[in-house]
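Report on one structure; see the data block that follows.
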Amino acid sequence: MSTTESRIAGLLSVLSESEDAGHCALSVFARSLRETAWKQQHHHHSLNGAPVGGGGYVDLSDVLAERSLALLREEEAILRDKEVVRVAYDKLRAEMARVEAQLMSLERRAREVAQQKAFCKLAMNLLVTGDVPEFYVPDADRSMDAPRENTDATNGNVAGSTVESTEAAPEVAPMSSTSPKRPRRNTTSQKRHSESQPQKVLNENGTHGEAREESPSIEESENYDNLADGGKSQQSSTLGKTIPRAHGGSGSCPTGSALLAMLRLPDVKEMTLLHAIESYDEYHFGKTFVWSTKKQEELLPVLLGLLKHLPLPRPPIQLAELHILGHFFRSPHVTQSTTDPTLASLRKSTSLPESVVVSMLHTLLREGQAVTILTRLLHSVNNDVKCEVLECLSPLIISGCGNTNSACNVAESASEKTRTFPDARKEFITSGGLQPLVGIVASCTSEAVLERSLVLLWNLIARNDDEEKVRGEVQSLGGLRAVLDLLYTDSIPILENAAMAIGYITREETSKVEIREAGGLEKITATLRHPYESIQTKMAGAVWNCASNAENRTYLRQIGCIPALLELLSSPYEFVQENAAGALWNLSVDPENKTQILDYGGIVELAQLIAKSHSLSVVENVSGTLWNCSAAVESRPAIRKAGAIPVLLSVMNRKPVPSTQQRDGAVAKNASAFLPISDKILDNVAGTLRNCAINDQNKPAIREAGGVELLLGKLELGILKQPGSIPMLALDKMASTLWILTISPEIKHSVRLSGGIPLLAKILEATSVTAAKKKNAKVLVQLTMSVKEKLVGLLRNCSTVQENRPVMVSAGVVRALVHVVEDCRLAMSAKASVSPLASQQQLPSLQLKETVASALWYLSRDDKVAPREEGGLELLCRLLREPDQPSAVLEQAAGAISSLTVNNQENRTKLREFGGMDALLRLIEEKTPLAFSQRPKNGVDGKTVSETAGTVAVPSSGTNKTENTVSNTYAVLNALLAVRNSTSSNEENLRYVAEWRYSLEGEGTSLPTTSFTGCLLYIIQHGSEDCAREAALCIKNLCGHAKALESLLQQDAVELIGGLAERGSSDSVRRAATMTLHSLARAQRR
């Protein structure tokens, strides 16, 4: 290493290892050079394999050269950046100089504005208080030739009203009667002092005003308040005229522009601003004004300014502003569209015309966002402010601004605005008003605020369009629990409104659950015994709502709610009785509650109330409760013992009050005949009577009270005389009640004696489509099939009495019964092409077919001709031929045919012609294996067989149906009777039966043969004694046919019939078997 390089290396070592090496930039640079040289030397030795420090080294000048080149490049870049920064710095210095100049200008203007603002504040305070000093006395002849360029904010717009081709004089600023008489300078001229100082007179209200000269212009004398503040005025127009001045509490009132200026100034004294607002209120709303268009245009900015200024937290100012706005929000024109009594206290007496109120409200609600601003004020900590806000909000939300009642003299434009009002309710909810409202209910201690908040709350959840959503939100905010906590208050208004809120909230299903979980049902039950009737009725209404929940009904019974409600039934007030009875109506759904109502004497209370009440709602709720209670078996005799049956019948016999008599007051003469009645009451009473009629002791009680005649009369009234006057459901229950009552033999006679049989036949005929079709007429009265079925059942019960049958036959009952079944078939065929399901629903029901067949069976006992001539026999044959016919229907139809074929050859012939003979033989073939198993019966009758055989499965239409063996047995027995009667002394029928063969249509059978004789022998061998006896008598008739005789002998009929004669337990069976054996013997000999 050369000497120079050694020195440089030593210098680097000294610089990099000195104490200030970490802070000196040159030291840091020297250290970096040293480290770079060291790394390159280490790398060189590593490549040559020599140890570090051994021979060979890196030239230090190379390191310095490389670093010098890098530094040169860095220097060039720095110089370029330096030039750019210098240019930017020059620009910034120029901008800073401009900004400093602007800042100094703004500071100077700010000082000027502060001085001017202080001056305006002082001047405004002096002007409002009337303390303006009289600095000089203006010259009477002096006038200002040129107006000032910048008019003051207190000057209004120019109103160019002319009187006799002269311009209106500018308005003089009002001043106190005790202040110096210095007229206010206007923008055009200075009023002559001598001419503007008329003599003062005493007004009616005791304040000093200025006398006015008579003017021929009506518009000028009435619209003096429309004069402008500015504009050029001729001196002649002001001569001899004075401008009236308003006097507030201290004798002065600011103009609208002045009040707006004060509202915009932040440093106006609170008392000064309060006094100005109150003076403005008294001047404009404390007396009658002629509200011209100009006056409205001047007032509207003030109202919007007050509305905008409301959110500032200054309670006295807010109250004064709300008082002015309340003239519109609480105007009678807003609340007159509703009859809600809660709004009576909120209405404000004012002289504002409706057109002005409508116009102002439209602007305040749309442009001023009044509802949103008032909603935010509900967060105020001042109770007086909240109270005033609630009084302003309630009329808007409760009555709806868009529903303002427009009188006939209101302008069309006002009516149009009325129809375009925004929905205040929705805006209130959208603005989040429910949360602070619920918060007030939950935490406020002021009774006035609580009362108004509760009124607003229950009206919101009762009348809003999406009331269910609102109720859910109120519930989620804790509104229900908050209102429940108020039930123990001593304030009657708060308690009443809390009860109203609970009543509306509990209409929501989730609220009914929450109120139980929150312990509210106990509080409501306790409040039911409150001494005030209005509280009682509201709490009973809440119970009415809650009792629609099944768990609540159980819980209410456990906490003793039913006795409390029963006590309210004796209240002298109808509205209390109505809600109490309604709550009991819901509670009486549960069987346990029915029992508790009975145990606490509720049946007697209900019976007494329905007997004396003249209220439609009370009678409806009581009758509904009795209907529910009558579903309990133990309650039915209690209803009779309470004397309720005659009362219920008298209620059913009530007539609606004629409107003409009601107006003339003639109802009082026959008050008992025109008591309240409705469709629901009729339905409830009919349902109660139907349930009571099930009790055997109640049947004679209903008959003795005239119930049979009344029910028949109601059916005639509602179906024939005045169709549609009685609901179909009530008619259904009345017919059902008569059907149940005719189980009693005495009542069957009563129906006949009351003329009920011809009436019922007439009803069925008048409502029959088949009968109308035969007469080429239209059905005038529509009756449901359910009612027809019950009338058919009623006639069937009456047919069991022998005295009724001739009357029924002569009244055409057979024809009516046939038409009822045919109506179903016509409806089925009409709807079969539309919907198979609909046609299935229109098929005659099992009950209808069984009842009709049974009625024909009874009627055919005394008359064999009428059933055939009126279509009864043909209908019976059709019932037998129908596939998959239930055994109950087959039993009745076969029995009726067996009765018709007794000693009547014509009926026997018609039976074969109608296909009845084939149907009877098929019935016997198909039902015999189902009725009797292949086990020999050891002298048991049919009933015993049915009890031991159990039930068997019958294949039908691809489905398995279980039928009782009893029906099959009796169906076979009645069919055998009909066959025996039909083959007696009738050769055609005998030949038909002897030659008849049963076709199974591809199905298997357990019978040994398919001939009818084989089936008869099977019945003799395996059937009951009754069936075996009839089968033997059928064989006796068949012995007269050679082919049948041959078949019988081939099947060992003699042996089987002989066995029947030996084992028969009755004389009739043995005698029938013996007679058949003799007939077989004679036939063999022939």
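Cβ coordinates come from backbone N, Cα and C, glycine included.
Where the annotation comes from TrEMBL, it is an automatic prediction and has not been curated.
Note that this is a predicted model, so its numbers are computed, not measured.
What TrEMBL lists as coiled coil is 82-116. The compositional bias 'Basic and acidic residues' annotation in TrEMBL covers 139-151. Positions annotated as region 'Disordered' by TrEMBL: 139-252. Per TrEMBL, compositional bias 'Polar residues' is recorded for 152-165, 196-206. TrEMBL lists 478-520, 560-602, 601-644, 871-915 with the feature repeat 'ARM'.
Away from its own ends, the repeat 'ARM' (478-520) comes close to residues 342, 434, 438, 441-442, 447, 450-451, 454-455, 457-458, 461-462, 468, 471-472, 526-527, 530, 532, 534-535, 538-539, 541-542, 545-546, 548-549, 551-552, 555 of its chain (Cβ-Cβ under 8 Å, at least six residues beyond either end). For the repeat 'ARM' (560-602), the list of distant contacts is 521, 525, 528-529, 533, 536-538, 540-541, 543-544, 547-548, 550, 553-554, 609, 613, 615, 617-618, 621-622, 624-625, 628-629, 631-632, 634-635, 638: same-chain residues at least six beyond its ends, Cβ to Cβ under 8 Å. Applying DSSP to the repeat 'ARM' (871-915) sorts its residues as follows: 33 helix, 0 strand, 12 coil. On the 0 to 100 pLDDT scale, the repeat 'ARM' (560-602) averages 96 in the predicted structure. Taken residue by residue, the repeat 'ARM' (601-644) breaks down under DSSP into 33 helix, 0 strand, 11 coil. Secondary structure counts, DSSP: the repeat 'ARM' (478-520) has 34 helix, 0 strand, 9 coil.
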